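What follows is a short report on a single structure.
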Amino acid sequence: MVEREFIFLKPNTIRRGLTGEVISRLERRGIKIIALKMIQFTREQAEKLYEEHKDKPFYNELIDFVLSGPSVVMVVEGPRVIEMVRHIIGATDPLKASPGSIRGEFGMSVTKNIVHASDSPEKAEREMKIFFSEEEILNYRLDVQGDL
Ligand code: RTP
Ligand code: MG
């Protein structure tokens, strides 16, 4: 079952120069990127993305943080890709994330936990639509003859 997932690299990841490192970890695992761009979130986009958290105590801090600089937004595709990406990323709290995971290796706090990845196919579709038009999400093959 091929799934699509929305991922974004949070502003501290871009500022710390970890953009390539994080994308590289996903690529090395064989994850197929079908959309990718760097953007400054608008407040409307940030609030829409995190609407499920709007009554939580950490909400304002989270919104301010994601607006603090550019983010890199992506869509990836593959069989069980949601489970796979969330495994590579690690637990929400970097203190609980396994040391080999992205958050376990680079994260310092729950808010600044490096990267977001949607946790269900329904949420993935909802979230990618906030940032991408259908034309920006590409359809291509990884196994093209003669690449080497
Ligand atoms: P994400 O959506 O970012 O992949 O993370 P998640 O599912 O593991 O975490 P979620 O519960 O959806 O929370 C979304 C983001 O809110 C921030 N958060 N802060 N201070 C806190 O207690 C707290 N709890 C969550 C995190 O930045 C998390 O990524
Ligand atoms: Mg979540």
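Glycine is treated like the rest: Cβ placed from N, Cα and C.
Features as listed in TrEMBL:
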- H116: active site, pros-phosphohistidine intermediate (ACT_SITE)
- K10, F58, R86, T92, R103, N113: ATP binding site (BINDING)
- 2-139: domain 'Nucleoside diphosphate kinase-like' (DOMAIN)
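The structure, with features from TrEMBL marked on it.
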residue: K10; record: ATP binding site; Cβ contacts under 8 Å, 6 or more apart: F65, V66, S71, K112, N113, I114, V115, H116
residue: F58; record: ATP binding site; Cβ contacts under 8 Å, 6 or more apart: V110, T111
residue: R86; record: ATP binding site; Cβ contacts under 8 Å, 6 or more apart: A117, D119
residue: T92; record: ATP binding site; Cβ contacts under 8 Å, 6 or more apart: R103, V110, N113
Where N113 (ATP binding site) sits in the secondary structure, as DSSP reduces it to three classes: coil
Cβ packing number for N113 (ATP binding site), 10 Å threshold: 22
Residue among recorded positions R103, H116 with least C-beta crowding, 10 angstrom cut-off: H116
Among K10, R86, R103, the binding-site residues whose C-beta sits under 6 Å from ligand 1: none
Where T92 (ATP binding site) sits in the secondary structure, as DSSP reduces it to three classes: coil
For the domain 'Nucleoside diphosphate kinase-like' (2-139), the mean pLDDT of the predicted model: 97
DSSP-derived helix, strand and coil totals, residue by residue, for the domain 'Nucleoside diphosphate kinase-like' (2-139): 61 helix, 28 strand, 49 coil
